[in-house]
Structure formats: C-alpha cells, structure tokens
Amino acid sequence: AQQSNVTAYGATAVAIISLEAFAGMWINAFLVCVICTAWVKKKTLNSNEKILLLLGCSRFWYLCLSWVYYFLSTIYPNYLYVHPTFQVTVFFQSFSACLTLWVSACLCVFYCIKIANFRNRFFIYLKVKIDRIVPWLLLGSVLSALAIGITSCDIADKMLINSHNYTRQGNFLKVSYKTDEYFFHIYFIYGFGFVTSFTAVIISALLLLFSLWRHKWKMQKNSINSLSMDAHIKAMKSVLSFLVMYSINFIFLILSLIPSTKAEKYVAFLSLLFLNAFPSFHSLILILSNPKLENTLIRILSCIKCKVCMK
C-alpha cells in the first residue's frame with residue numbers, strides 16, 4: 001500500500017523545510033520578476049543583470065525541487081523511488097544545484113574582473129571583453145550542469161534497478177549498501193561542482209582584497225578619496241558573504257559524505273536546513289546590495305504595510 005508512514009520528527013522537519021523553501025522561492029521570484037520587468041522596459045540587460053536573472057531562476061527551481069524531493073522522501077517515499085519519478089527528480093535537482101553554484105561563481109568572477117585594478121595584460125583584456133565573455137560563461141555553466149544532471153540521472157537509474165533486484169531477492173543489507181554506494185557517486189559529482197566553483201570564488205575574493213588594499217594604500221598616500229573605493233567595498237561584501245556561506249555549505253557537504261555523521265538524523269537535518277537557507281540568504285544580500293532591487297523591495301513592502309493598516 002502506498003501510504004504515509006511519517007514520524008513526529010519527519011513532520012516537523014518537513015514543516016520547517018517547507019517554510020524555508022517557500023521563503024527562498026519568494027525572494028528569488030522577486031529577483032527574477034524585477035529584472036524581467038526592467039528587461040521589458042529597456043529591451044536589453046547588462047552583464048550583471050544577466051547573471052542575476054539566471055541565478056534567480058536556478059535558485060528558484062533548486063528550492064522547489066529540493067522541497068519536492070524531501071517532502072516525498074519523508075512523507076510518501078513509495079511515490080518517489082519509482083521509475084521515472086526518481087530519475088527525473090534527481091536530474092533536475094542535480095542540474096539546478098550545480099547551475100546555482102557555477103552561476104554564483106560567475107557572479108564573483110564578474111565582480112572581480114569588473115572592479116579590481118591590475119596592470120596585467122591578460123587581466124586588462126578580460127576587463128575590456130567581460131561583457132562579451134559573460135554570455136559564454138553562462139552557457140558553459142548551463143552545459144556543465146546539464147552534463148552533471150545527465151550523469152546523476154544515469155547513476156540514479158542504476159541505483160533504482162539494483163535496489164529493486166536486491167529487494168526481490170530479500171537481501172536488505174545489500175540494498176542499503178548499494179544505495180549508499182550510488183548516493184556516494186552522486187555526492188562526489190556534487191563535490192566536484194563545489195570544489196571548482198569554490199576555487200573560483202576564493203581566487204576572486206583574494207584578488208579583490210589585494211586590489212582593495214593596494215587602492216586604499218594609494219589613496220592614503222595621495223590623501224584623496226575615490227568612488228572606486230566604495231565599489232571595491234560593496235563588491236567585497238558580496239563576495240565575502242558568499243564565501244562564508246559557501247564554506248559552511250562545503251563543510252555540510254563533507255559531513256554528509258561521512259557514514260558516521262550521515263547516520264545522525266539531526267546532522268542530516270541541519271545540513272539540509274543550511275543548504276536550503278544558502279540560496280535564500282545570499283539572494284537577499286544581493287537584493288539589498290543593489291540600489292534598484294532594494295528600492296523596489298522597499299516600495300512593495302511599504303504598499304503591503306499601507307494595505308494592512310487600512311484594513
């Protein structure tokens with residue numbers, strides 16, 4: 001019988017994850033809607049808006065699919081672990097997760113190239129050509145995420161087939177072992193996406209920090225102020241906030257790969273809690289650091305407050 005068999009812990013976890021996921025979906029939907037509205041009005045988008053648009057879309061679907069996956073796996077697992085629901089869910093979840101990571105890294109690299117000041121010829125070339133490079137970076141991110149999604153789908157398909165075979169034979173020990181083995185392969189693919197994008201973020205942060213330090217030293221030496229200093233500081237806040245959350249995210253990913261911690265349901269819950277909070281909080285930071293997005297958010301909240309007061 002395909003019925004729910006959920007504990008009080010599972011129900012509480014689903015409720016918390018649901019609130020977190022819906023809040024994050026609202027934040028990223030707001031980001032996408034504002035940029036699309038500006039796109040319709042201006043008939044064009046700058047490089048920063050292109051990255052934010054794809055980032056908002058990928059995070060919205062990542063949160064949506066993560067919520068669906070966790071809800072079904074906790075409440076109705078019999079509806080999830082069947083063909084082709086499981087394969088399709090794993091494909092889109094892997095695709096959106098990796099796309100989110102790499103587009104976030106592209107945003108950090110864009111800030112670094114656009115704002116940092118270095119006399120290196122290659123860096124100057126990148127600064128001049130950055131607006132033409134961004135579409136190719138985004139296309140490369142989509143294709144790479146698509147390849148990882150297809151690979152994860154193939155692994156999930158093999159896992160499901162082997163699990164069904166072992167279940168028919170009644171060997172439940174092997175089912176658990178094989179399932180963990182295939183999930184390790186999927187987590188390893190996630191780890192590859194984390195490491196490559198994490199490396200790009202660290203390099204961008206270090207270059208921006210060095211550029212800011214050198215620019216500040218020159219300004220103090222000449223006793224003048226510069227608008228470039230404010231741009232450096234704003235970019236550093238965005239990149240460093242992303243770096244801190246990314247580091248915590250990476251730690252939880254490593255914990256999820258360790259069998260001893262993976263067996264602890266509270267560690268698994270905290271990992272899932274932060275993985276869902278990461279796309280929401282970082283998108284909120286991006287909105288508050290962008291004057292246009294921040295002003296639009298303030299106007300919407302003011303209108304909602306006025307309507308509530310009138311009632």
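Cβ from N, Cα, C; glycine included.
Summarising the annotation, TrEMBL assigns transmembrane segment to 6-39 (among others). Residues of the same chain lying 6 or more positions beyond the ends of the transmembrane segment (6-39) and with a Cβ under 8 Å from any Cβ of it are 45, 49, 52-53, 55-57, 59-60, 63-64, 66-67, 70-71, 74-75, 265, 269, 272-273, 276-277, 279-280, 283-284, 286-287, 292-293, 296-297, 300.
The transmembrane segment annotation in TrEMBL covers 51-70 (among others).
Per TrEMBL, the feature transmembrane segment maps to 90-113 (among others).
The transmembrane segment annotation in TrEMBL covers 133-150 (among others). Same-chain residues lying 6 or more positions outside the transmembrane segment (133-150) and placing a CB less than 8 Å from one of its CB atoms are 47, 50-51, 54, 91-92, 94-96, 98-99, 102-103, 106, 109-110, 126, 189, 192-193.
Feature annotation from TrEMBL assigns transmembrane segment to 187-213 (among others).
As annotated by TrEMBL, transmembrane segment applies to 239-260 (among others).
Beyond the ends of the transmembrane segment (266-289), by six or more residues, the same chain brings 13, 16-17, 20-21, 23-24, 27-28, 30-31, 52, 55-56, 59, 62-63, 66-67, 70, 100, 104, 234, 237-238, 241-242, 245-246, 248-249, 252-253, 255-256, 297 to within a C-beta distance below 8 angstroms of the stretch. As annotated by TrEMBL, transmembrane segment applies to 266-289 (among others).
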